[in-house]
Amino acid sequence: MHYYRYSNAEVSCWYKYLLFSYNIVFWLAGVVFLGVGLWAWSEKGVLSDLTKVTRLHGIDPVVLVLMVGVVMFTLGFAGCVGALRENICLLKFFCGAIVLIFFLELAVAVLAFLFQDWVRDRFREFFESNIKSYRDDIDLQNLIDSLQKANQCCGAYGPEDWDLNVYFNCSGASYSREKCGVPFSCCVPDPAQKVVNTQCGYDVRIQLKSKWDEFIFTKGCIQALEGWLPRNIYIVAGVFIAISLLQIFGIFLARTLISDIEAVKAGHHF
């Protein structure tokens, strides 16, 4: 004798299409990041010679853009298809990945707070290694220039850090026109100049240190960032909380949809 149980369980269309809409944003953002990253690599000729990435001593910002794009594209695809096809495997992958990213972000934030000296040393090493490669990659160059201009700083701990770069080095072996100078992004802006003077940092470090602050920023970028964080702690905290809430919302939608699908499948087995 066979027994049957009729279940009223059904998959909620509300959660299903809400999760789909949530993930379509991820997917489209991932496509944009990947498109921008591949376009940037194409402009630099990296796509025709991938060894250019490994030859760069610093970090290529495009790599970070592509990594973010791959993660967002993959998660968005898994979430969209998983929701539309009611695929438990893809939904669990999406949910698990979001949970992992959430706890990684939380761990990084806690560790960065507890080990501030270690983070400061790693950032110094990172900044100095990228100073060495300043002229080797246009995207890296623009990133450093933006950082220095936005924070009115120069080098990791000061202008002398630019001695690490072969073009700005003050040694007698250097024949660069930029010898003993700094990038234009270190220069104190002149309100009277409407056009950026890209040569304003030439020969600045030949002069007495006491006169440097008349022409360039003398504060290091590590010190500038350490001062920036307390002033903007509420903004940083607000962004972190907003991202966390979005992730928790995505996890909730995925888990709810998984439960609905499992309930429907369980009802069909009787």
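If you go along the chain as it appears here, the first residue is 1 and each next one adds 1.
In case you wondered, yes, glycine gets a Cβ from its N, Cα and C as well.
Taken from Swiss-Prot, the feature transmembrane segment applies to 18-38 (among others), supported by sequence analysis. With a threshold of 8 Å between CB atoms, the same-chain residues lying at least 6 positions outside the transmembrane segment (18-38) that come near it are 47, 62, 65-66, 68-80, 83-84, 94, 249-250, 253-254, 257.
The average per-residue pLDDT of the prediction over the topological domain 'Extracellular' (39-61) is 63, rounded to a whole number. According to Swiss-Prot, the feature topological domain 'Extracellular' maps to 39-61 (among others), an assignment based on a curator's inference.
Summarising the annotation, Swiss-Prot assigns transmembrane segment to 62-82 (among others). Same-chain residues lying 6 or more positions outside the transmembrane segment (62-82) and placing a CB less than 8 Å from one of its CB atoms are 19-20, 22-38, 40-41, 44, 46, 53, 88-91, 93-94, 97-98, 101, 139, 250, 254.
If you look up Swiss-Prot, you'll see 93-113 (among others) marked as transmembrane segment. Same-chain residues lying 6 or more positions outside the transmembrane segment (93-113) and placing a CB less than 8 Å from one of its CB atoms are 23, 71, 74-75, 78-79, 82, 119, 240, 243-244, 247-248, 250-251, 254-255, 258.
Secondary structure of the topological domain 'Extracellular' (114-232) per DSSP, as helix, strand and coil residue counts: 61 helix, 2 strand, 56 coil. Annotation source Swiss-Prot lists topological domain 'Extracellular' at 114-232 (among others), citing a curator's inference.
Residues or ranges marked as region 'Necessary and sufficient for interaction with ADAM10' in Swiss-Prot: 114-232.
Per Swiss-Prot, disulfide bond is recorded for Cys153-Cys221 (among others). The Cβ of Cys153 (disulfide bond) lies under 8 Å from the Cβ of Leu147, Cys186, Phe217, Lys219, Gly220, Cys221, Gln223, Ala224, each of these being in the same chain and 6 or more residues away along the sequence.
Within 10 Å of the C-beta of Cys154 (disulfide bond) there are 28 other C-beta atoms, taking all protein chains into account. Per Swiss-Prot, the feature disulfide bond maps to Cys154-Cys186 (among others).
According to Swiss-Prot, the N-linked glycosylation site annotation covers Asn169. Taking a C-beta cut-off of under 8 angstroms and a sequence separation of 6 or more, Asn169 (N-linked glycosylation site) has the following same-chain neighbours: Asp163, Ser176, Lys179, Cys180.
The number of other Cβ atoms within 10 Å of the Cβ belonging to Cys170 (disulfide bond), over all protein chains shown, comes to 14. Residues or ranges marked as disulfide bond by Swiss-Prot on the basis of similarity to another entry: Cys170-Cys180 (among others).
The Cβ neighbour count for Cys187 (disulfide bond), using a 10 Å radius over every protein chain in view, is 24. Annotated disulfide bond per Swiss-Prot: Cys187-Cys200 (among others), in sequence order, evidence recorded as similarity to another entry.
Residues annotated as transmembrane segment in Swiss-Prot, with sequence analysis given as evidence: 233-253 (among others). Same-chain residues lying 6+ beyond the ends of the transmembrane segment (233-253) with a Cβ under 8 Å from its Cβ atoms: 15, 18-19, 22-23, 79, 94-95, 98-99, 101-102, 105-106, 109.
If you check the disulfide-bonded residues Cys170, Cys187, Cys200 against Cys154 (disulfide bond), the ones with a Cα inside 10 Å of its Cα are Cys187. Distance between Cα atoms for Cys170 (disulfide bond) and Cys187 (disulfide bond): 18 Å, as a whole number.
Every protein chain considered, the tally of other Cβ atoms within 10 Å of the Cβ of Cys200 (disulfide bond) stands at 20. Counting every protein chain shown, the number of other Cβ atoms lying within 10 Å of the Cβ of Cys180 (disulfide bond) is 19.
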